[in-house]
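Participant: Sharing the record's features from TrEMBL:
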- 96-181: domain 'DUF4097' (DOMAIN)
- 204-303: domain 'DUF4097' (DOMAIN)
- 1-19: signal peptide (SIGNAL)
Amino acid sequence: MKSLFITLIGLLMAFSTFAQRQTLVDVQKSYEGISMIEIEAGVLDVVYKGADSPTVEMEARLEAEEDRGQDLVFVTVGNTLKISYQPPKRRRNQNDNSRGHINLTGPSDMQLFINTVASKIRVEDTDSFETHIGFVSGSVELNNVDGDVYLEGTSGVIKANNIGGSVFCETTSGKVELNGVGRDVSYKSVTGSLNAHDIGGIVDASITSGRINMTDVHEIGTINLTSGSAKAENSGLGVATYLEGSSGSIKIQTPSNLQDFNFDISAASGSVTIGNSRSRTLRVDNNARHTIRGSIASGSIVIEN
């Protein structure tokens, strides 16, 4: 009986919370002649789906438990559509509990600038030359984006699949998963993780602490660790390859012929392994045109076939 009473109370509280939420904005709009969209979405989720159509179709909804002046503003300036979430008037010890979404379909070559706070972003089926996304926390999902992508955020989860151009990503923390990038990847994070698979260009990655995992990368570029680990499988070496760390480990399994490169790699405290050779410092002269350099203060660097 007691458990039934507690369950009923919980249901009543949930219903009360739901009942208090009210719709402040519920709108559908169409726009012609738009080639750029700028969105300041705040806490609202954003979806953009490219289509074979010159018209931008938008459906937006804003809900909150209390009307404190929240609003969505839509403005066109020339060929640019600007969408802005207006947050509620601030009150002491009261957070923004607004929820909602901005869903758009439009031309696949749309140039996008999207910024959110603690919400979700999804962009798919676009072929603009660049897409810009900023976020404080939350999640970002990109699918079939045929152009360069710029990502900047504090924390959250990023999943990108089938990106035709390059990816430039800078985060404070969080998890980044890249699967299928046609060109280069540049990744910087204070603490976080990168999983990069099937990259057609050069991967440059820098972390203060965290983990970098790479598979099927065309060429490893500059890998920089303060502490943490970097691991690469079936990933190529090249003229851009440079390995550096304060502490941690860097391990590369490569299909590249090690005889095609000279090596100059050292460890102040730790070890360096190149093929079957292992030492604290390895200088290997294969009479090659390029030398792969690297150093680690405390830890290990391994390069093998």
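For all residues, glycine too, the Cβ spot is worked out from N, Cα and C.
TrEMBL labels come from automatic prediction, so no person has curated them.
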Participant: Let's see if you can do this one: DSSP helix, strand and coil counts over the domain 'DUF4097' (96-181), in that order.
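Facilitator: The composition, in the requested order, is 0 helix, 65 strand, 21 coil.
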Participant: With DSSP, how much of the domain 'DUF4097' (204-303) is helix, how much strand and how much coil, in residues?
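Facilitator: Its residues divide into 3 helix, 75 strand, 22 coil.
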Participant: In this predicted model, what is the average pLDDT of the domain 'DUF4097' (96-181)?
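Facilitator: A mean pLDDT of 97 is what the predicted model shows over the domain 'DUF4097' (96-181).
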